[in-house]
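Structure, as structure tokens:
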Amino acid sequence: MVEGVGGGNGGTTRRMSNPRLLESDQFIVDIPPTPPSKQPISSSFISLIIPFSSPSSLPSPALTTALIIGSWYFSNIGVLLLNKYLLTIYGYRYPIFLTTLHMLFCSAYSSAAIRFLGLVPLQQIVSRRQLLKIAALSAIFSASVVCGNTSLRYIPVSFNQAVGATTPFFTAVFSFLITCKKESFHVYLALLPVVLGIVVASNSEPLFHLFGFLVCLGSTAGRALKSVVQGIILTSEAEKLNSMNLLMYMAPMAAAMLLPVALYVERGVVGITIEKAKGDWFMVWLLIGNATVAYLVNLTNFLVTKHTSALTLQVLGNAKAAVAAVVSVLIFRNPVTVMGMTGFGVTIFGVVLYSEAKKRSSSSSSSRGSS
């Protein structure tokens, strides 16, 4: 699936053009949002969402923000449920090719949003070096999303979200290993319940599947690695890209990387898909809808951050994991245990503590730097 393709959680975050490491959720198509901007979204784009609207008839800023947050929840939870339905109940067991379709649609939609609707200004790739950096991010991103989608074939969405909530732990580990960046003691202490909770949840998961758990863990680690690498390789002012432009360049690269892998690993997938489509048009609309919602995950990530803040997105991401888990249990009726729910709750609590500790640590560092 593309967050996610991959599916995960933690706080959905940080995003593209910002070199700082902001931990995030694992959204299916896990492209971090751009830092908040005071620039309004173009009126043409608003008109697309609310047809026949004039500037005077547009909803109030508070209502607009509420609608965007509602759309963010709908798209994030929707893509998880659709991926789960496609890969298990419907029986379309081709997670790599499904991720490729997500990337192709994201490429087309993001190009249209930027080049024709003017959602954000078009940013150009300025050098071959920058192109290679984006390609490296695409490779990590692709692997993460494929792992996330594959995991949904074997484990419930609720357990997928519990594992995805450990993203901050992997981010802290990769940040230390790659950049030698050390966090404060309180930040590392807050990671203990994150790990403890997932251990308890794993031990108590009635539908635990070792391979599904491992690939979900790989997806979560991949999202964290992408955030760290992104903060390293796109740091210069000339190379910074907002999330929508980065997605526009990354998506076709990811599709080009995934397609040959899908054709080799999932042999005959194109022919099988065409044959299924001929006999069942519902599958065609299901694939199109699934890929469209996958793109909306990235678009709403961007819009929520634009209208609120990266911190708000992180808080919403923490809550989304719990909401997605509850909704998936109600829809798919997968069994849960009290200990499993407790473990998930401990992990989410740890993520909240971690976010707070990071915020205080950053504030302390800023205060010392300015004094």
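Cβ atoms here come from the backbone N, Cα and C positions, even for glycine.
TrEMBL lists transmembrane segment at one of the ranges 131-149, 207-225, namely 207-225. Of the two recorded stretches, the transmembrane segment (207-225) does not lie close to the transmembrane segment (94-119), with fewer than three CB pairs under 8 Å once pairs fewer than 6 apart in sequence are set aside. Contact counts against the transmembrane segment (185-201), taken as Cβ pairs under 8 Å, peak for 338-355 among the stretches 62-82, 158-178, 285-304, 338-355. Between the transmembrane segment (285-304) and the stretches 62-82, 158-178, 246-265, 338-355, Cβ pairs under 8 Å are most numerous for 62-82. 158-178 is the stretch from 62-82, 158-178, 246-265 with the greatest number of Cβ pairs below 8 Å to the transmembrane segment (338-355).
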